[in-house]
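Each remark here refers to the structure printed beneath this line.
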Amino acid sequence: MTDGDYDYLIKLLALGDSGVGKTTFLYRYTDNKFNPKFITTVGIDFREKRVVYDTQGADGSSGKAFKVHLQLWDTAGQERFRSLTTAFFRDAMGFLLMFDLTSQQSFLNVRNWMSQLQANAYCENPDIVLIGNKADLLDQREVNERQARELAEKYGIPYFETSAATGQNVEKSVETLLDLIMKRMEKCVEKTQVPDTVNGVNSGKVDGEKPAEKKCAC
């Protein structure tokens, strides 16, 4: 795909405590490489990737294929950058909420991140995937899978255990989030009867949408 040759521009935001592996996770997803020497993100950074999203009919048959330009925003986890980070929440259509499986504290702080999301995201119930990263460090693990799945069930969101080092579930977790977003947008399109192809500059927003309201469902 050339520049501008896409149907949707989707902005995803990775957030979580500093050091949970957001930067290496996104690098693995976009470049399929692992770089353990990334320095801590200062403020905001982002990576990009073009994908093709295939829809399915009600009977399970193949539907239309959409070309999607993903912008994956990488946020600083440190407290001093928190006000800058939350300023980007309203522009994101989906969130990769990440904690470190080798850090119980980063898992406990997921609740704080959820509170900030609910207060600052484009709506009160945005599309979120919970990610327990560094699954390859088995001997250092502090958070068990049951704990994490129970928390994800409480919030009604998918949960994945990932590893930027091995690539485990990295692509699958992002694809799951994209699927949630595209299905939500499809419902909006059906209700408002707007064209099914949205120019990238609109970021997938539907004509007539009221930005001031924080209702997610159309």
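Note: Cβ is positioned from N, Cα and C throughout, glycine not excepted.
Swiss-Prot has this to say about the protein:
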type	residues	note
MOD_RES	Thr2	N-acetylthreonine
BINDING	16-24, 74-78, 133-136, 163-165	GTP binding site
MOTIF	38-46	motif 'Effector region'
DISULFID	Cys123-Cys188	disulfide bond
LIPID	Cys216	S-geranylgeranyl cysteine
LIPID	Cys218	S-geranylgeranyl cysteine
MOD_RES	Cys218	cysteine methyl ester
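Feature annotations (Swiss-Prot) mapped to structure.
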residue : record           : Cβ within 10 Å
Gly16   : GTP binding site : 25
Gly19   : GTP binding site : 15
Lys22   : GTP binding site : 29
Asp74   : GTP binding site : 22
Cys123  : disulfide bond   : 14
Lys134  : GTP binding site : 26
Ser163  : GTP binding site : 21
Cys188  : disulfide bond   : 18
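Cα of Gly19 (GTP binding site) to Cα of Cys188 (disulfide bond): a span of 37 Å. Looking only at Cα atoms, Cys123 (disulfide bond) sits nearest to Asp74 among the binding-site residues Lys22, Asp74, Ser163. Cα separation, Lys134 (GTP binding site) to Cys188 (disulfide bond), rounded: 36 Å. DSSP gives Cys188 (disulfide bond) a helix state.
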